[in-house]
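Right, one structure below, let's go through it.
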């Protein structure tokens with residue numbers, strides 16, 4: 001750290017030369033600029049200060065590095081005068097330009113001109129390595145490891161090791177870069193989310209080790225852990241019964257006579273009823289467990305026949321109990337679904353931090369666009385998963401929902417995919433209808449406020465209607481008239497079959513029962529409301545007023561993609577209506593739906609105010625971003641298909657090893 005006297009001397013020198021500048025130049029300079037020590041150690045830090053001189057919306061930055069005192073005056077004066085040349089030229093022609101600039105624009109310009117890692121030209125190789133390794137870990141290695149874990153493949157642990165190696169080296173490179181550069185984005189969310197995601201992956205791997213060991217024990221027996229003498233005696237009694245029952249079956253009996261329901265010997269014995277090794281003829285049932293433990297040979301436990309070894313074995317047995325194993329496996333399944341979301345948050349917050357975006361009030365715009373756009377990205381990922389056959393046990397893969405006992409009973413109660421889509425749409429509308437005017441609370445309502453509130457009302461009503469269409473209770477009530485006609489027809493049929501019925505002629509025509517059955521199209525969900533709401537959203541956003549041409553074009557692009565999604569989803573419903581499927585149908589139009597949702601969501605995320613500013617200042621246009629987004633979407637979709645195919649391959653391989661090959 002530099003001595004206080006040195007820092008004060010440098011600041012005084014800077015202030016002196018500010019006063020020596022022409023008055024019209026100083027009028028354009030932010031007098032609140034103060035010296036700032038950048039870096040954690042004075043040996044490699046630079047005492048930098050920032051002057052903001054603006055003409056219109058033009059910003060000029062000056063950085064000063066402490067030099068020898070003999071060069072301070074000359075270097076500082078030269079830097080200020082060179083930087084002031086545009087101001088001098090502008091003063092003669094447009095002297096009053098900067099005076100008319102609104103204060104809000106000045107604040108935005110100030111935030112945009114803050115230093116960022118993207119513009120920091122030192123140690124860029126470390127950051128490039130960090131980005132590359134994290135993309136390899138979270139985009140490629142992590143999904144592959146999760147798919148292998150879902151398939152219970154023997155290769156899922158090596159895949160997790162590869163992920164941890166890539167992630168660990170990526171963390172090291174980020175750590176080096178962070179400590180070699182000044183903190184250009186204080187209190188950013190990327191660091192916190194990154195550590196949360198990394199900690200979650202460690203917990204996930206520990207659970208995977210537990211599950212893998214449980215699978216190994218189930219396949220190779222329980223020889224890994226010893227039994228106590230009392231449990232061993234109980235096991236021998238059960239084994240003797242099993243041997244007798246097996247010999248009776250091989251004697252030619254069908255097995256019914258020796259079944260557990262027809263044999264008095266098959267009554268389960270309680271542990272206290274099993275004859276222990278210490279039981280004598282006098283009826284003494286004392287279980288001298290301490291004596292048994294002393295008689296057990298050395299090395300019986302994992303850590304020997306001592307207290308530590310016995311306690312360790314006892315705790316391991318408890319951890320490997322069926323109830324504990326089921327809890328660990330269930331937690332692992334839930335965590336595997338959360339890890340990809342955590343990785344997505346880590347990558348997106350890293351993008352924001354690296355670009356220096358979302359400072360001050362711009363954080364709300366970044367958060368809104370990234371959250372809403374991210375929802376559509378994951379909507380597209382799930383749509384592609386449905387096309388590949390994922391969630392077929394719920395009936396989400398454009399197939400007829402299997403019934404119990406083909407699938408677990410709770411899976412038959414899961415609502416349809418269209419109901420979930422409608423619920424999310426309704427929830428967004430219900431939660432945002434009162435929040436769209438908070439940015440100008442107490443002020444006048446602008447046309448944009450009315451547009452946003454109307455859009456949330458559309459989401460509320462459209463989502464609610466979609467849920468009502470998917471409700472089995474509402475459909476039952478809507479079929480009341482049809483049920484009445486069917487009941488009346490059956491009554492007429494019963495009266496016609498009775499020869500003593502008055503007023504009913506024999507042979508009165510009735511409708512056959514098979515014609516009263518619901519059509520096959522009712523077996524699958526054909527709900528157009530989610531697609532309709534998103535189509536209207538796309539139309540509105542395509543014509544939404546924006547402050548710049550680039551922003552307007554980007555909104556029109558992702559609005560058009562959402563409109564194309566609605567058309568593709570309507571095509572899917574037409575195909576399924578003409579020929580209702582039973583097996584996962586894989587309608588080709590759903591590939592288009594997934595592509596439009598993912599690419600539209602990415603463009604939605606990039607259309608925030610700060611990101612548009614970064615695009616414009618980098619010399620890019622809307623079409624360049626559009627092309628990059630479409631290419632990235634194609635790569636991600638291809639990798640998703642590859643991961644799901646690897647999961648199917650791993651599942652087939654494991655079943656073949658277990659002697660249950662799939663055709």
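Note: Cβ is positioned from N, Cα and C throughout, glycine not excepted.
In TrEMBL, annotation is done automatically, which means it is predicted and not curated.
Per TrEMBL, the features are as follows:
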type: COMPBIAS; residues: 256-266; note: compositional bias 'Polar residues'
type: DOMAIN; residues: 112-212; note: domain 'DUF2427'
type: REGION; residues: 248-306; note: region 'Disordered'
type: TRANSMEM; residues: 71-89; note: transmembrane segment
type: TRANSMEM; residues: 126-149; note: transmembrane segment
type: TRANSMEM; residues: 161-180; note: transmembrane segment
type: TRANSMEM; residues: 192-213; note: transmembrane segment
type: TRANSMEM; residues: 338-357; note: transmembrane segment
type: TRANSMEM; residues: 377-398; note: transmembrane segment
type: TRANSMEM; residues: 419-435; note: transmembrane segment
type: TRANSMEM; residues: 455-474; note: transmembrane segment
type: TRANSMEM; residues: 524-544; note: transmembrane segment
type: TRANSMEM; residues: 556-578; note: transmembrane segment
type: TRANSMEM; residues: 590-610; note: transmembrane segment
type: TRANSMEM; residues: 622-646; note: transmembrane segment
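In the domain 'DUF2427' (112-212), helix, strand and coil residues by DSSP number 77 helix, 0 strand, 24 coil. Confidence across the domain 'DUF2427' (112-212), taken as the mean pLDDT and rounded to a whole number, stands at 93.
Stretch with the most C-beta contacts under 8 angstroms to the transmembrane segment (590-610), considering only 161-180, 338-357, 455-474: 338-357. If one looks beyond the transmembrane segment (455-474) by at least 6 residues along the same chain, the residues whose Cβ comes under 8 Å of a Cβ in the stretch are 415-416, 418-419, 421-430, 432-433, 436, 525, 527, 529-530, 532-533, 536-537, 540. Beyond the transmembrane segment (161-180), the same-chain residues lying 6 or more positions past its ends with a Cβ under 8 Å from any Cβ of the stretch are 40, 122-123, 126-127, 129-130, 133-134, 136-138, 141-142, 145, 194, 198, 201-202, 205.
With a cut-off of 8 Å on Cβ pairs spaced 6 or more residues apart, the transmembrane segment (524-544) and the transmembrane segment (622-646) reach fewer than 3 such pairs and are scored as not touching. The highest tally of CB pairs under 8 A with the transmembrane segment (377-398), across 338-357, 419-435, 622-646, is held by 622-646.
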